[in-house]
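Engineer: Submitted below is the structure of interest, expressed as structure tokens.
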Amino acid sequence: MEPSSKKVTGRLMLAVGGAVLGSLQFGYNTGVINAPQKVIEEFYNQTWIHRYGERILPTTLTTLWSLSVAIFSVGGMIGSFSVGLFVNRFGRRNSMLMMNLLAFVSAVLMGFSKLAKSFEMLILGRFIIGVYCGLTTGFVPMYVGEVSPTALRGALGTLHQLGIVVGILIAQVFGLDSIMGNEDLWPLLLSVIFVPALLQCIVLPLCPESPRFLLINRNEENRAKSVLKKLRGNADVTRDLQEMKEESRQMMREKKVTILELFRSPAYRQPILSAVVLQLSQQLSGINAVFYYSTSIFEKAGVQQPVYATIGSGIVNTAFTVVSLFVVERAGRRTLHLIGLAGMAACAVLMTIALALLEQLPWMSYLSIVAIFGFVAFFEVGPGPIPWFIVAELFSQGPRPAAVAVAGFSNWTSNFIVGMCFQYVEQLCGPYVFIIFTVLLVLFFIFTYFKVPETKGRTFDEIASGFRQGGASQSDKTPEELFHPLGADSQV
């Protein structure tokens, strides 16, 4: 099949931009809790004194703070696993629109928690916005993938990750003590999430529903055709419609796909395994360990103003996501993911050497900063953006919601595990903690090389057909036959 149009219309960018506001929320709420830790802990202490007339015990304070951080991921797990309940019933766009109610409720709870002298409100607000973000990590890549032409699906899919990293960077800047990360303004820092939620409520009603959802799920061909014409800026959308109809016919021949069926069926087992491992490669790469504890890592490295070095890593994060956006359709998803994993492994080794020799060689602090920035840069080349949207590419319309739910749940669960365990593992292993991530990165590289297909330039149905046709005879084929960049349909 010839590559589809690369024309970027205003309607397409409005749709993608409106959706990506949810990605920005995810990034912001991931990064916002770190900077104001000390002032929020003091709020917990003052609240405890107000209630019980004594200072809070250090162990209780640590537990409350850990809960405040971790409850976000628990909410994310629940939200990500619930994606399929909404998108098939209400549609992709309407699901994103409805979920902003959760963002408004969370903003109110966290914004008024200090006034109400209730740390329970803050923790509940973190849980609710976690549910919102878990749903968003499923809704946004699915919607963007379904409204984008095949030739632009990778580049536009990368915008989800760009939204996340911009959100993290905004949170890092707003969290500075001189802006909102102080005793007076931290409630506003946490509740400012109502702004992108309000903006999304204004923009999304102007955006179309996914044409794939309209045609394949609702059988509304005329509406789907009208939406496609607006998105493509072209009166002739026959090829897009034919591709969707073929996928619809294939879907009708299959029974409804449940989460269990994804693992039972030979046609889905390999793609769901690839989807889960790709998500694990994102979270177990060590990137969140760098983000969660970057300030303390920079302090150990001898940086005088570690908070600004952390913001510097956020800028690198954003810059290289933009780089990925421009090269993903040329280099391909699989190639960029492999480059990213290899680069991160090399930087993790450098980071380990620098931190281990820091006391003997003070100049190693500069090497550790270079290693951290390099680690972040390589992450955004591949493992950052690609797992989000390639999951939607690996599945046809029928199993896609269930697959996105499973992959998202895997992502959030591994995120939670790293967030809870890294501090203890770091205390146990010292500067050698990143050796663990190096080993994991090498394993993910091997899996990606042998098991993950290239999806660049291929329609959803072509990719799904590759898994259906090649499932029985994979082991007889060489990696070159399986993963040639132009890809036969027997790829797995």
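Note: Cβ is positioned from N, Cα and C throughout, glycine not excepted.
Keep in mind it's a predicted model, so treat the numbers as computed, not measured.
I grabbed these lines from Swiss-Prot:
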TOPO_DOM  1-11  topological domain 'Cytoplasmic'
MOD_RES   Met1  N-acetylmethionine
TRANSMEM  12-33  transmembrane segment
TOPO_DOM  34-66  topological domain 'Extracellular'
CARBOHYD  Asn45  N-linked glycosylation site
TRANSMEM  67-87  transmembrane segment
TRANSMEM  91-112  transmembrane segment
TOPO_DOM  113-120  topological domain 'Extracellular'
TRANSMEM  121-144  transmembrane segment
TOPO_DOM  145-155  topological domain 'Cytoplasmic'
TRANSMEM  156-176  transmembrane segment
BINDING   Gln161, Gln282, Gln283, Asn288, Asn317, Glu380, Trp388  D-glucose binding site
TOPO_DOM  177-185  topological domain 'Extracellular'
TRANSMEM  186-206  transmembrane segment
TOPO_DOM  207-271  topological domain 'Cytoplasmic'
MOD_RES   Ser226  phosphoserine
TRANSMEM  272-293  transmembrane segment
TOPO_DOM  294-306  topological domain 'Extracellular'
TRANSMEM  307-328  transmembrane segment
TOPO_DOM  329-334  topological domain 'Cytoplasmic'
TRANSMEM  335-355  transmembrane segment
TOPO_DOM  356-365  topological domain 'Extracellular'
TRANSMEM  366-388  transmembrane segment
TOPO_DOM  389-401  topological domain 'Cytoplasmic'
TRANSMEM  402-422  transmembrane segment
TOPO_DOM  423-429  topological domain 'Extracellular'
TRANSMEM  430-450  transmembrane segment
TOPO_DOM  451-492  topological domain 'Cytoplasmic'
MOD_RES   Ser465  phosphoserine
MOD_RES   Thr478  phosphothreonine
MOD_RES   Ser490  phosphoserine
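How buried are the listed features, and what sits near them?
Structural biologist: Per-class residue totals from DSSP over the topological domain 'Extracellular' (34-66), listed helix then strand then coil: 25 helix, 0 strand, 8 coil.
Sequence-distant contacts of Asn45 (N-linked glycosylation site), defined by Cβ-Cβ distance under 8 angstroms and a gap of at least six in the same chain, are Arg55, Ile56, Leu61.
In this model, the topological domain 'Extracellular' (113-120) carries an average pLDDT of 97.
Same-chain residues lying 6 or more positions outside the topological domain 'Cytoplasmic' (145-155) and placing a CB less than 8 Å from one of its CB atoms are 3-8, 12, 15-16, 92, 208, 210-213, 231-232, 240, 325-326, 328-329, 333, 389, 392-393, 455-459.
Around Gln283 (D-glucose binding site), taking its Cβ as the centre, 22 other Cβ atoms fall within 10 Å, counting all chains.
Only residues 6 or more beyond the boundaries of the topological domain 'Extracellular' (177-185), in the same chain, are considered here, and those with a CB under 8 A from a CB of the stretch are 35-36, 39, 42, 192.
Cβ atoms under 8 Å from those of the transmembrane segment (186-206) belong to residues 14, 17-19, 21-22, 24-25, 28-29, 32-33, 36, 39-40, 43, 93, 96-97, 100, 103-104, 106-108, 110-115, 122, 125, 129, 174-175, 180 of the same chain, restricted to positions at least 6 beyond its ends.
For Ser226 (phosphoserine), no same-chain residue lying six or more positions away in sequence has a CB closer than 8 A to its CB.
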Engineer: Which residue counts does DSSP give the topological domain 'Extracellular' (423-429) for helix, strand and coil?
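Structural biologist: Summed by class, the stretch gives 7 helix, 0 strand, 0 coil.
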Engineer: Which residues of the chain, 6 or more past the ends of the transmembrane segment (366-388), have a CB below 8 A from one of its CBs?
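Structural biologist: Beyond its ends, the transmembrane segment (366-388) has Cβ neighbours at 137, 141, 157-158, 160-162, 165, 275, 278-279, 281-282, 285-287, 290, 294, 297-298, 301, 303, 309, 312-313, 316-317, 319-321, 323-325, 328, 333, 336-344, 346-348, 350-351, 353-355, 358, 407, 411, 444.
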Engineer: Roughly how many angstrom lie between the C-alpha atoms of Gln161 (D-glucose binding site) and Ser465 (phosphoserine)?
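Structural biologist: The Cα atom of Gln161 (D-glucose binding site) is 28 Å away from the Cα atom of Ser465 (phosphoserine).
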Engineer: In whole Å, note down how far the CA of Ser465 (phosphoserine) lies from the CA of Asn288 (D-glucose binding site).
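Structural biologist: Their Cα atoms are separated by 35 Å.
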Engineer: As a quick check of your reading of DSSP, tell me how many residues in the topological domain 'Cytoplasmic' (207-271) are helical, how many are strand and how many are coil.
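Structural biologist: For that range the per-state counts are 47 helix, 0 strand, 18 coil.
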